[in-house]
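Participant: Feature list, courtesy of Swiss-Prot:
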BINDING   Asp14, His15, Gly16, Lys17, Ser18, Thr19, Asn131, Lys132, Ile133, Asp134  GTP binding site
DOMAIN    2-184  domain 'tr-type G'
Amino acid sequence: MKNIRNFSIIAHIDHGKSTLSDRIIQICGGLSDREMEAQVLDSMDLERERGITIKAQSVTLDYKASDGETYQLNFIDTPGHVDFSYEVSRSLAACEGALLVVDAGQGVEAQTLANCYTAMEMDLEVVPVLNKIDLPAADPERVADEIEDIVGIDAHDAVRCSAKTGVGVTDVLERLVRDIPPPEGDPDAPLQALIIDSWFDNYLGVVSLVRIKNGTMRKGDKIKVMSTGQVYNADRLGIFTPKQVDRTELKCGEVGWLVCAIKDILGAPVGDTLTAARNPADKALPGFKKVKPQVYAGLFPVSSDDYEAFRDALGKLSLNDASLFYEPESSTALGFGFRCGFLGLLHMEIIQERLEREYDLDLITTAPTVVYEVETTSKEVIYVDSPSKLPPLNNIQELREPIAECHMLLPQEFLGNVITLCVEKRGVQTNMVYHGKQVALTYEIPMAEVVLDFFDRLKSTSRGYASLDYNFKRFQASNMVRVDVLINGERVDALALITHNDNAPYRGRELVEKMKDLIPRQQFDIAIQAAIGNHIIARSTVKQLRKNVLAKCYGGDVSRKKKLLQKQKEGKKRMKQVGNVELPQEAFLAILHVGKDGK
């Protein structure tokens, strides 16, 4: 027990945590040099392509320290992006300490700060590490001051290393062994194991990543899931050295994987406690707080035959990603699908890509919306996550939109640009503090504006230097309206959007213009209108294609031409009554880009 160290690495995106973990694995001999490749722990193709960590991974390594002792390091890699902060809090729950990795050139960023506070709230020992000291732009002294000033932990003797060149990585390991406390727990008490993560394997069923808090788990034991009371057999268990290695037992304080041949996806939920069936523990371990999705979007399979496969895929994915929420939904335009809740737009993109790649599905996504709180005239309060569920205007007493509290850290020279952006997004400044050359800004901005494209625009106005962390603050009454799109007089539910009354005419006009470019021309005119209630605010027409019926007439009487034109006109009229308009996938995505052109 005293030689076990459980830790994770927290850092902002691109501050080098995956590279540092590669070096740690190499030094401890977890993989032979032949098997070593860059970013070993980012095993998903998607993670490698985008260069970000999405899933938390765990590795168990043996490290022979300078004091002659051999320590078992259980190391859990965590993502750095704001949309995956839930993964981080799950990983931290299994640790006693964390390495706070900060880029010695860039300094502290908002995300580092948020994850660091999460770690401190859980009473973890935070060990600061200054990475990338081999870069010419590195200024470790300034960054150490910044860490002390902004984060408030002592950093003057922070370990300095360069994960890329391998300089100072052994110092990191020595400091880790010295500063991070060993796990607490009673090896003789009844078994209590916390499920940190689980995923679905086609051959083994559900595989769970567990942290043993008390007692010992042995192969072949009967194991009980505390929330459901189901009993399973521990068929296989072991550790990752990044490869799966079988063991006969997992001892108190260790982190490892477990296979119990659970075929039911909901058999072992994340955050649940496992105990021995023979000698069960009295109470479950405190799990994780459930996260509320911030962004909702409808996902529909392109062909309705894929619905079953889509449902299974979502089930398997939600096992692996506990922050994904979904419920069935049907749309008149798109058929049957699911309404899914995500933590942010990046999360939504990643889930959609994983569904398309790993499960081979073709999907249509509707525009993302946030949850609104609506008080009806009969004084009941309902929560609306889709524009089509919004009650009629005359039944709404008050519509409240979610407000996000945004913490931004940025260099002083970009302050003006960022403030302009926040004001444009209907933001209200609540705080501003200067730390050396950095400024910490706090704004309250409507969640709908934040999730749409705020992050991208913040990055572009500040040349990538500003960083953002946001969380839900409260609901606030606001003058929001629903803009409907009518095509040939029929409402298309999948194209509706909720927007602020002041922006509605611009958004409506822009949407109608975009639709006009995307809908292919037919044999008859297609009228595209944007409406608030019964009030039309914008209109555009996709002109018909027409055959020149007068081509065969040479000269002759005008009544002959009139007759032909009249005949054509009647045909078009009849066609318009029965004709229906096919909307291409791009049309549904056009809503995403409304308001992007800085309007």
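Just so it is clear, glycine is given a Cβ too, placed from its N, Cα and C backbone atoms.
Bear in mind that the values here come from a model prediction, so they are computed numbers and not experimental data.
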Participant: Give the residue from the binding-site residues Ser18, Asn131 that has the most other Cβ atoms within 10 Å of its Cβ, counting over every protein chain displayed.
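Facilitator: Within the set of binding-site residues, the most crowded position is Asn131.
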Participant: Which residue among the binding-site residues Gly16, Ile133 has the fewest other Cβ atoms within 10 Å of its Cβ, if you could check?
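Facilitator: It is Ile133 that, of the binding-site residues Gly16, Ile133, has the fewest other Cβ atoms within 10 Å.
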Participant: Taking DSSP as the reference, which of helix, strand or coil describes Gly16 (GTP binding site)?
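Facilitator: Where Gly16 (GTP binding site) sits, the three-state DSSP reduction gives coil.
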Participant: In terms of DSSP three-state secondary structure, what is the assignment for Asn131 (GTP binding site)?
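Facilitator: Looking at the DSSP assignment, Asn131 (GTP binding site) belongs to a strand.
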